[in-house]
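A short write-up of the structure that comes next.
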Amino acid sequence: MVNSKRIEKWFSQLAVVGTDAGGGFTRLAFSDSDWQVRDIVIELMQNAGLTVRFDAFGNIIGRREGKNPDAPVVMLGSHTDSVPNGGNFDGVLGVLAAIEAVQCMQESGEENYHPIEVVVFMAEESSRFGYATLGSKVFCGKISLENLESYKDKQGISLAQEMRLRGLVPEKIAQACYTGEIKSFLELHIEQGKALELTGHQIGVVTGIAAPTRLRLMVTGMADHSGATPMNMRQDALTAAAEIILQVEALATAELQNGVVGTTGIVKAEPGVMNVIPGRVELGIDIRGISSDSKHRVIDNLVAAVDSIKDRRGVGVEIVTLTDDTPVQISGEMIDFLDDICKQFPYPTMRMPSGAGHDAMHIAAIAETGMLFIPCRGGISHNPGEWASIDDIVAGTEIVLAAVRKLASQEFSWQK
Ligand SMILES: [Zn+2]
């Protein structure tokens, strides 16, 4: 049986690592605090009877052997790194719930036919190196040595350098591509939105995962004297950028019914002084949706809008696509499977899309993947106010346990 006291203890064990003055947590990928959390989690995994190994990227894989060691693996996982000044639940929940599930199986002495693996994916948050879900991308063979060398943090330290400092060998990154057969992958996560809380549901069965497309725009005008340059003789990069920002908002709003969201989160104007017309502006734009068509409509229209703004204002705009991930549809069979598991419990359950990206969206390319949400207070996440109740945590963990028991049995197989 899921032990709420034990889970609470694990959360509080992690709650002393990477603490900020304001009550939040900072555990940036590959930092000391990230590594401290990692050590604690490895110990919890070993105590739960898991045999722990690491891949070339440092992803942690804890294995509970199956009666048939050659049968495809049932995998559970999430991440433990955080954004700056984030919370103690984002990612951590999925990892601790997975460990609790196998701990319960160990206590009851039951056997599983399929091997079970609990995975902690490294560097899920983009905060440090600018790219998200790196551990799961590596797992799927989508990251090269060149990527590791070029991804840098604000201090200019590359991911490859940081890996070497942690005793990892970036040159061996291809070996981290998971080659075994995965029967199913499951990730439990806090919702990071308000839908469950507002509708009084305890469990969300995820139907699709929105994937981000991230663009960097460099707008180049002419830096000029703010006093001596008449209004009709300017090439102001920032006013051009302002029009682009409003276009991002308008075009995403036009696809509201398809769940597209568009955000300009980075605006850097140069030279950034009051008596000079901005000559260069960098914009960082994030566009997401669970419909690939709808998302790309926004991007195509944005590119067209940028073209006309450029011509009209006499500025240059360079557009670089940093990330273009494909939204993931969870299979109907998986959604029905998880729904059926939820029906064995009294917890109010609803189906819902995920607006945030998760490791599960990459694993979905190589395995039958499912995702479950529990509420977080006020929908707040990536913030010191991030919090989930122990009742909801236990509810989510019970669903994970019931699901993994069934998935790891010899009797259960997917129809397709
Ligand atoms: Zn997360």
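Glycine is no exception: its Cβ is also placed from the backbone N, Cα and C atoms.
Automatic, uncurated: that is what TrEMBL annotation is.
Summarising the annotation, TrEMBL assigns Zn(2+) 1 binding site to HIS79, ASP90, HIS189. Annotated Zn(2+) 2 binding site per TrEMBL: ASP90, GLU125, HIS382, in sequence order. The allantoate binding site feature in TrEMBL is assigned to ARG214, ASN275, ARG288. Residues or ranges marked as domain 'Peptidase M20 dimerisation' by TrEMBL: 215-309.
Recorded features from TrEMBL, shown on the structure.
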{"residue": "HIS79", "record": "Zn(2+) 1 binding site", "Cβ within 10 Å": "30"}
{"residue": "ASP90", "record": "Zn(2+) 1 binding site", "Cβ within 10 Å": "27"}
{"residue": "GLU125", "record": "Zn(2+) 2 binding site", "Cβ within 10 Å": "23"}
{"residue": "HIS189", "record": "Zn(2+) 1 binding site", "Cβ within 10 Å": "28"}
{"residue": "ARG214", "record": "allantoate binding site", "Cβ within 10 Å": "22"}
{"residue": "ASN275", "record": "allantoate binding site", "Cβ within 10 Å": "9"}
{"residue": "ARG288", "record": "allantoate binding site", "Cβ within 10 Å": "24"}
{"residue": "HIS382", "record": "Zn(2+) 2 binding site", "Cβ within 10 Å": "18"}
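Cα to Cα, GLU125 (Zn(2+) 2 binding site) and HIS189 (Zn(2+) 1 binding site) are separated by 14 Å.
The DSSP secondary structure for HIS189 (Zn(2+) 1 binding site) is strand.
Distance from the CA of ARG214 (allantoate binding site) to the CA of ASP90 (Zn(2+) 1 binding site) is 22 Å. Here the Cα atom of ARG214 (allantoate binding site) is found 19 Å from that of HIS382 (Zn(2+) 2 binding site). Nearest by CA distance to HIS79 (Zn(2+) 1 binding site), out of the binding-site residues ASN275, ARG288, HIS382, is HIS382. Checking the binding-site residues ASP90, ARG214, ASN275, HIS382 against ligand 1, the ones with a C-beta less than 6 Å from an atom of that molecule are ASP90. Under DSSP, ARG288 (allantoate binding site) is assigned to a strand (E or B) in the three-state scheme.
Between the CA atoms of ASN275 (allantoate binding site) and HIS382 (Zn(2+) 2 binding site) there is a gap of 36 Å, rounded to the nearest whole number.
Taken through DSSP, the domain 'Peptidase M20 dimerisation' (215-309) splits into 42 helix, 28 strand, 25 coil. Taking the mean position of the Cβ atoms of HIS79, ASP90, HIS189 as the Zn(2+) 1 site, the remaining residues of that chain whose Cβ falls within 8 Å of it are SER78, PHE89, GLY91, VAL92, LEU93, GLY94, GLU124, ILE190, HIS358. DSSP classifies ARG214 (allantoate binding site) as strand under the three-state reduction.
The separation of HIS189 (Zn(2+) 1 binding site) from HIS382 (Zn(2+) 2 binding site), Cα to Cα, is 13 Å. Recorded residues HIS189 (Zn(2+) 1 binding site) and ARG288 (allantoate binding site) have their alpha carbons 19 Å apart, per Cα-Cα distance.
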